[in-house]
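For reference, the structure is listed below as C-alpha cells.
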Amino acid sequence: MFSSSGRLLKRLAVLDFDHTVCEHNTDVVVRDLLGPGGVPPDVQSILRSCGWIPYMQRVFRLLHQGGFQPMDIASAIRGIPEVPGMKSCIGNLVRHGFDVIIISDSNSEFIRLWNDFNDIGSYIHTVFTNPARFDGSGLLELRPYHYQTECSLSSKNLCKGKIMEEFLRRQHDERQVDYEKVFYAGDGKNDVCPMLRLGSNGYACARRGYSCHDALQGAIGKLEHPYAAKVLQWTDGHELNDLIWTELED
C-alpha cells in the first residue's frame, strides 16, 4: 500500500525484550550463575553509584574469573522460555507485512543467542540494544548503546523513545516508508518514554501485572495535552496478537 505522496505504507511492532519476548530478565539469569552471595558488596555498590552497564560489566568479569565459559552463558540464555505465544505472534505479524523491531536494555549478544536459538532472528527487522561481544579470552565485553542526559525517564545508556523516533525518521527519509500503525509492547518503566511519544496512530501495549501500565498512567496524568495513543493491556503473546488484529479490524 502506498500513500498519496508515493511512500510505502506499512505497520510497525516495537518490542521490548526481557519479560516481553523472553520470559525472564537476561542479565539477571546470567548474573545468577554466580550463585547466592556471588556478587560482593563492592560490586553491588557499582550499581548504585555508576548504573547498570558498569555493574553488569563487573558481573561478567566475575563470571570470567570464576571459570565460566561463553558456552555456559549461552546455555543459560537459551534456556529462558518465551513469553507464551510470543514467537507465533511475531511470526504472524511479519507474515502479514509488519516490520518488527526490538529496543532493549539487554545486550546484542544475549538477544542474538536467544533469537537464533528460537528461530525468530530472521523475523526481526532491527535490534537496538547495548553492544556486547566475547573477546578472545571468553570475557563478555559490554558497552552502552549511547550516552544521553536529555530524557529523565530513561537510563543514561539507552533512551528507547529517542531510538524509536530516530528509526521512524530514518525509515521516512531514507527508505520512503511511513507507518500507518505503530504498536509498542513492553513491561517496564523504561518503556514509558517511547509509549509517551506515540501519536494518534499508536498503541501502547503494557504487559499486565508489570510496572509499565501504572507508570504510564501516572505519566499520562502529568501531560499538558491529551494523550493521543490508545493504551492496551496484554498477558501473553496470544492475547497481544489478538489485540493487535482486533484494533486493525475496527
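Placed from the backbone N, Cα and C atoms, the Cβ positions cover glycine too.
Curation plays no part in TrEMBL annotations; they are all automatic predictions.
According to TrEMBL:
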type	residues	note
ACT_SITE	Asp16	active site, nucleophile
BINDING	Asp16, Asp18, Asp187	Mg(2+) binding site
ACT_SITE	Asp18	active site, proton donor
BINDING	Asp27, Asp105	substrate binding site
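For the pair Asp18 (Mg(2+) binding site) and Asp27 (substrate binding site), the Cα-Cα distance reads 9 Å. The two recorded residues, Asp187 (Mg(2+) binding site) and Asp16 (active site, nucleophile), have Cα atoms 8 Å apart.
If you measure from the Cα atom of Asp16 (active site, nucleophile) to that of Asp27 (substrate binding site), you get 14 Å. Summarising the environment of Asp187 (Mg(2+) binding site), the number of other Cβ atoms within 10 Å of its Cβ, over all protein chains shown, is 23.
The candidate set comprises the binding-site residues Asp27, Asp105. Of these, Asp105 has the most other Cβ atoms within 10 Å.
Other residues of the same chain near the Mg(2+) site, with their Cβ within 8 Å of the Cβ centroid of Asp16, Asp18, Asp187, are Phe17, His19, Thr20, Val21, Asn25, Ser104, Gly186, Gly188, Asp191, Arg207, Tyr210.
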